[in-house]
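Asks: Copied straight from Swiss-Prot:
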- C71-C184: disulfide bond (DISULFID)
- C150-C176: disulfide bond (DISULFID)
- 45-185: domain 'C-type lectin' (DOMAIN)
- 356-380: region '2 X 4 AA repeats of N-X-I-Y' (REGION)
- 377-380: repeat '2-2' (REPEAT)
- 236-256: transmembrane segment (TRANSMEM)
Amino acid sequence: MQPGAALQAMLLAVLLAKPRDSKGRLLSASDLDPRGGQLVCRGGTRRPCYKVIYFHDAFQRLNFEEAKETCMEDGGQLVSIETEDEQRLIEKFIENLLASDGDFWIGLKRLEEKQSNNTACQDLYAWTDGSTSQFRNWYVDEPSCGSEVCVVMYHQPSAPPGIGGSYMFQWNDDRCNMKNNFICKYHDDKPSTTPSIWPGGEATEPATPLLPEETQKEDTKETFKERREAALNLAYILIPSIPLFLLLVVTSAVCWVWICRRKREQTDPSTKEQHTIWPTPRQENSPNLDVYNVIRKQSEADLAEPRPDLKNISFRVCSGEAMPDDMSCDYENIAVNPSESGFVTLASMESGFVTNDIYEFSPDRMGRSKESGWVENEIYY
């Protein structure tokens, strides 16, 4: 028996003899960090060793290239399953996890450069760690050799059996960008650490971080980059809205000023505009005075006594029968006593003008003036 086969058989016997609730289980979601794992080696130091990485949260799972790089950074490779015994050993590792649905990446991938019309699909696949083993555990009608290049080991406990039987632990080609769990394998060049003893004499190494410090720094950088991109996206939304906000502020201010001015104009009296358009004539400067009111204001002395410095102008209507259009009467400027004349003209030095608006007609003239004549009266300054 080869040494590798003996190691695998011994590990398998230890796993089968160990109770499931013992402290020697491979991985525990409560004990291990989701991005950590535990090496399982024969005797604690003999190679190869394995580390099964399972994520309860599907969002934390990795695609094929990410899983491959993670194993390499930890000093290993994606697992290459070279014999049927090793396949059963990996199955026991996964069963010991009591894990729910979630496939596992293995280190088998199709090589596009080997693809030709004469090459069978299954012959295009090779192990990424350089192993030349031809052992395969494909499900029925797999691989499909379409756009699915990378290979997973089925782990769907809740899935019903298909046409080829149970899917559990069978191989299937899948798209490399899918998110899955993965298994790392560590060969003889992996340095050993102080192991912990399992029941039955076997030992395992303590849980070690799956990702080194450099990978954690990269995760921090990625988180910072995502936050910065989110801040930039928010800035791209807010900056174009600033001119619109300023326009709204200016428009609101202009409307508010206009409304205030309109209210102020409505509350002011409108007499100023009316005076400007239709000025009220001042009575002291108007030539159309009410002579009757002026006469009432004059004293009886002005009405009774003539004054030597005033010139009385009297008018007399023609006594003829001519029509008003042909009227050519004589008029006389006679200074007579108001009591002797047939009509009276008044003059006032205080008022600055002469008015003659009171006419006393004799009875015989009164009748004739009504029938054939009319009288003109004017104001002389």
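Yeah, the Cβs are placed from backbone N, Cα and C, and that goes for glycine too.
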Asks: Kindly assign C176 (disulfide bond) to one of the three DSSP-derived states: helix, strand or coil.
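Replies: Looking at the DSSP assignment, C176 (disulfide bond) belongs to neither helix nor strand, so coil.
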Asks: Look at each of the disulfide-bonded residues, C71, C150, C176, and point out the one with the fewest other Cβ atoms around it within 10 Å.
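Replies: Counting other Cβ atoms within 10 Å of each of the disulfide-bonded residues C71, C150, C176, the minimum falls on C176.
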Asks: To the nearest whole angstrom, state the Cα distance for the pair C184 (disulfide bond) and C176 (disulfide bond).
Replies: 17
Asks: If you run the three-state DSSP split on C71 (disulfide bond), which class comes out?
Replies: helix
Asks: For the C-alpha pair, I'd like the distance in angstrom between C150 (disulfide bond) and C71 (disulfide bond), rounded off.
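Replies: Counting only the Cα atoms, the answer is 16 Å.
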Asks: Which three-state DSSP class does C150 (disulfide bond) fall into?
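Replies: DSSP call for C150 (disulfide bond): strand.
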Asks: Can you tell me how many other Cβ atoms are located within 10 Å of the Cβ belonging to C184 (disulfide bond)?
Replies: 26
Asks: For C176 (disulfide bond) and C71 (disulfide bond), determine the Cα separation and express it in whole Å.
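Replies: Per the Cα atoms, C176 (disulfide bond) and C71 (disulfide bond) stand 16 Å apart.
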Asks: Which of the three DSSP states, helix, strand or coil, fits C184 (disulfide bond)?
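Replies: In the DSSP reduction, C184 (disulfide bond) maps to strand.
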Asks: For the region '2 X 4 AA repeats of N-X-I-Y' (356-380), what's the mean pLDDT in this predicted model?
Replies: 47
